[in-house]
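Colleague: Quick one: the structure is below, and I'll ask about it shortly.
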Amino acid sequence: MMKNLDQNFDAILITGPTASGKSALALRLARERNGVVINADSMQVYDTLRVLTARPSDHEMEGVPHRLYGHVPAGSAYSTGEWLRDISGLLSDLRGEGRFPVIVGGTGLYFKALTGGLSDMPAIPDDLREGLRARLIEEGAAKLHAELVSRDPSMAQMLQPGDGQRIVRALEVLEATGKSIRDFQRASGPMIIDPERAQKFIVLPERPVLHDRINRRFEAMMDSGAVEEVQALLALNLAPDATAMKAIGVAQIADMLTGRMGAAEVIEKSAAATRQYAKRQMTWFRNQMGDDWTRIQP
């Protein structure tokens, strides 16, 4: 199947669950097309967490250009809309250079946005975003949720009072635009890549194979700098709800560093959490990505 790629398409899109082998496939196809590998994984954008997010190392990139990897400071929020703006500018540059984009990652929402399935969310001023995040730390999610109830009750009804990140996002949009975030969510977004002009693949290993890869990979991460990454992340004193702090393995390794968990338990619990995450990804792909996405088994 991989030998018969149509040379007339504008891009290749590759997704799949974590540890499925999609990054290796993207690398091979980019090399064949004199292309550039572009990240579509919401955790691999962060600069501090290369090992824990399985971001390709310089050695693994094998000289093929990789973009939108590790370009966001760990303490920064980074939305789907921001990724969409970043990749839009990058794709324009690559077209001018005659380079072929191979876009790969496990964040299905990014691919929906890329092909026009999501609304174009408004840009949020940094001072507004930082102010609301400071309020979240000082006042707590429940108080901000109560504010949202009074200002945007229909949106507040859709959120749990403890979901600080989404509550702050709703308030950000409300403050910046005077409109409910639901107004933007109901609108269809721009089409950055025409889905009819892209070859689209979902890499789906058999479940026992995937689980074995996950188990072995996390053990290897522990030997390859994951502990040092978490130490560096904790030294930043980020808010507990910062996206980078939610990467699988961070909480477990943090517990190990304070003596609450041993290394073997860290590996076991982190691998189990990764398997659950892969299961959620596969459910999302099954429900959200149609038959125009070719399923392949590595």
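Backbone N, Cα and C atoms are what each Cβ position is placed from, and that goes for glycine too.
Note that this is a predicted model, so its numbers are computed, not measured.
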Colleague: Given 5-9, 75-79, 165-169, 265-269, which one carries Swiss-Prot's region 'Interaction with substrate tRNA' label?
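Modeller: Among 5-9, 75-79, 165-169, 265-269, the range Swiss-Prot annotates as region 'Interaction with substrate tRNA' is 165-169.
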Colleague: For which of the residue intervals 17-20, 41-44, 257-260, 285-288 does Swiss-Prot record region 'Interaction with substrate tRNA'?
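Modeller: Here Swiss-Prot associates region 'Interaction with substrate tRNA' with the stretch 41-44.
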Colleague: Give me the count of other Cβ atoms within 10 A of the Cβ belonging to Pro17 (ATP binding site).
Modeller: 27
Colleague: Measuring CA to CA, name the entry from the binding-site residues Pro17, Ala19, Ser20, Lys22 that ends up nearest Arg129 (site 'Interaction with substrate tRNA').
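Modeller: In terms of Cα distance, Arg129 (site 'Interaction with substrate tRNA') lies closest to Pro17.
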Colleague: Could you check the binding-site residues Gly16, Gly21 and say which one's CB has the fewest neighbouring CB atoms inside 10 Å?
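Modeller: Comparing Cβ neighbour counts within 10 Å for the binding-site residues Gly16, Gly21 gives Gly21.
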